[in-house]
Amino acid sequence: MNVGIKGFGAYAPEKVVDNAYFESFLETSDEWISKMTGIKERRWASENQDTSDLAFEASKKAIKDAGITPADIDMIIVATATGDMPFPSVANILQEKLDTRKVPTMDQLAACSGFMYSMITAKQYVQSGDYKNILVVGADKLSKITDLTDRSTAVLFGDGAGAVVIGEVSEGRGIISYEMGSDGNGGKYLYLNKDTGKLVMNGREVFKFAVRIMGEASTRVVDKAGLQSDDIDMFIPHQANIRIMESARERLGIEREKMSVSVNRFGNTSAASIPLSISQELENGRIKDDDTLVLVGFGGGLTWGAMVIKWGK
């Protein structure tokens, strides 16, 4: 059985926050932010928008694109680090919003690697033969956990959501190879402060980890797929920082024009990062049926996930 993406959808909130916004209360500038991160603007959800609301908008599009109805969904997996509340899960809340059957629901917390973790998890369930249409969502409202007094992190984060329906696809298409991993020793470098409820990051250590693991994991999944770098049509890394992305691209040996860059528009949206990039490239006609994509993410934990996927239903 070939398992892949049967339907796709993404959503970014309407509010655009450009770099000039931060100049009024932080010692920073548009020039510095752009040079160091590649970010020009990001989207922030409104105060009355929860993560589940972002997930709902993306999910409706994915279900429609798959040519099915909510009644056909037989599992929901949401990757998020910013649930509406500790429980019930975002997946549970999303089930009600979509009015699906009483199917199993779960959230997966692997921070920015969450979308990769959830897609790989869904693949296993479909491969078992017990499930046919699994809704996987990467959604985060990072604006609610961003410390706006911290110059090093305040400018980085945005909000958004992306969703896919994972199921059986045509011969020769779908997920070809994948890898997941974690290193709990790095948990202290990127975490949510339990007292303040705000994100804390050791940028230098996270940068070192990300540069190494994104390149290594991407290379391994390409090798596992029996492919060469020349066989890759599009490289879609987690959109954390343009310098990290460029380093990973160089390690993989991919031409610059084959790398998706959406960090300039959305900032770091955690679990939504990779699907928002996919959405951009689909809109621009840069992803076509039977294209070979490499997706790779890293995040708090520290965690990582990568895959090679042949695009198409």
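Using N, Cα and C of the backbone, Cβ positions are placed for all residues, glycine too.
Which of 59-63, 164-168, 239-243, 244-248 counts as region 'ACP-binding' depends on Swiss-Prot, and there it is 239-243. Of all Cβ atoms in the protein chains displayed, 32 besides its own lie within 10 Å of the Cβ of C112 (active site). Long-range Cβ neighbours of N268 (active site) (same chain, at least 6 residues apart, Cβ-Cβ under 8 Å): I39, C112, L142, L156, F157, G158, H238, Q239, A240, N241. Secondary structure by DSSP for the region 'ACP-binding' (239-243): 2 helix, 0 strand, 3 coil.
Counted within 10 Å of its Cβ, the other Cβ atoms near H238 (active site) come to 31, all protein chains included.
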